[in-house]
Amino acid sequence: MSLNGIFVPLITPFAADGAVALDALERLAHEVLADGATGLVALGTTGEPSSLTAAEQDAVVEVIGRVSRERGTPLLVGARADLAARPGVTAALALVPPFVRPGEDGVVAHFAALAGHTPVVVYHVPYRTGQDLSVAAIRRLAGLAGVIGMKYAIGAVDAGTVELLAGLPDGFALLGGDDAVIWPLLALGAHGGILASAHLETRSFADLAQAYRDGDVGRGRYLGGRLAALSRGLFAAPNPAVIKAVLYEQGRIPTPSVRLPLLPARRELVTAVRGERGTAVRGERGTAVRGDRGTAVRGERGTAVRGERGTAVRGERGTAAIS
């Protein structure tokens, strides 16, 4: 199964008693796929996997795997490589080994061993792992049997990005992981994206990917610019706090709760995402604007929402909005 288009790394909704709200998770999975997402990610960073028990992780993968089987769509799973063997799972989404910083030879050896057991999508996010990879190392990974793609989230589009996308091997999908800069990646030839922001305006994100596949640069630039503003607003607090708060206001999940060490989004951030005229989120009295039926999120004066003193997460080479 080829990897392209928009993958939504699903949040893990919680009920009022703190348990995982599996019914809400199942509905959300169906919703984003119906709205144009190509596939799903279970237990990515957005799903708060480190805050879930092993039993909760198993239940999340079971639910999302069932939806993926019913719809015939690809599913990537993070958290534990053994979960990739579960029904409905296409591949493991596996981080470049964090903290230990094994060097590029160690990274390649690690993924060669892992891909001998299950298909793998490498998750390259140096801001979180402390290990950057050269273009040469990424190409070595792309040449490994069983490594079928990469979630590429370096926090920028730089000269290395251009070099990499100029020569990707066949059968290896590069999926952008920085929501706010997905459109220039698509313009350069990325296969799609794994984007937490696509919980909202899923259809518009799908249309963005399609625009670049069709060579419609003008439409891609228009959609990309306004969806970048949405993404910056949703990442104005550590992910997925703002996304959960917005989904709750829309009535799509039972609570906006996140688990420690994350904290709930401040009210003013959610208000800013709603926008001056309430076009992005209307909660119980209306519906979320999707696709071409409305505008992306703007602050009170039409600007992207940012953190208290600046932009969202900033890596070594730029601003990251990481799913």
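Yeah, the Cβs are placed from backbone N, Cα and C, and that goes for glycine too.
Whatever TrEMBL says is automated annotation, not expert-curated.
Taken from TrEMBL as is:
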ACT_SITE  Y123  active site, proton donor/acceptor
ACT_SITE  K151  active site, schiff-base intermediate with substrate
BINDING   T46, I194  pyruvate binding site
REGION    280-323  region 'Disordered'
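The residue listed as 'active site, schiff-base intermediate with substrate' sits 7 Å from I194 (pyruvate binding site), taking the CA atoms of both as reference points. DSSP assigns the residue listed as 'active site, schiff-base intermediate with substrate' to a strand in the three-state reduction. A distance of 13 Å separates the Cα atom of Y123 (active site, proton donor/acceptor) from that of T46 (pyruvate binding site). The Cβ neighbour count for the residue listed as 'active site, proton donor/acceptor', using a 10 Å radius over every protein chain in view, is 27.
According to DSSP, I194 (pyruvate binding site) is assigned to a strand segment.
According to its DSSP assignment, T46 (pyruvate binding site) is helical. Candidate recorded positions: T46, K151, I194. Fewest other C-beta atoms within 10 angstroms, T46.
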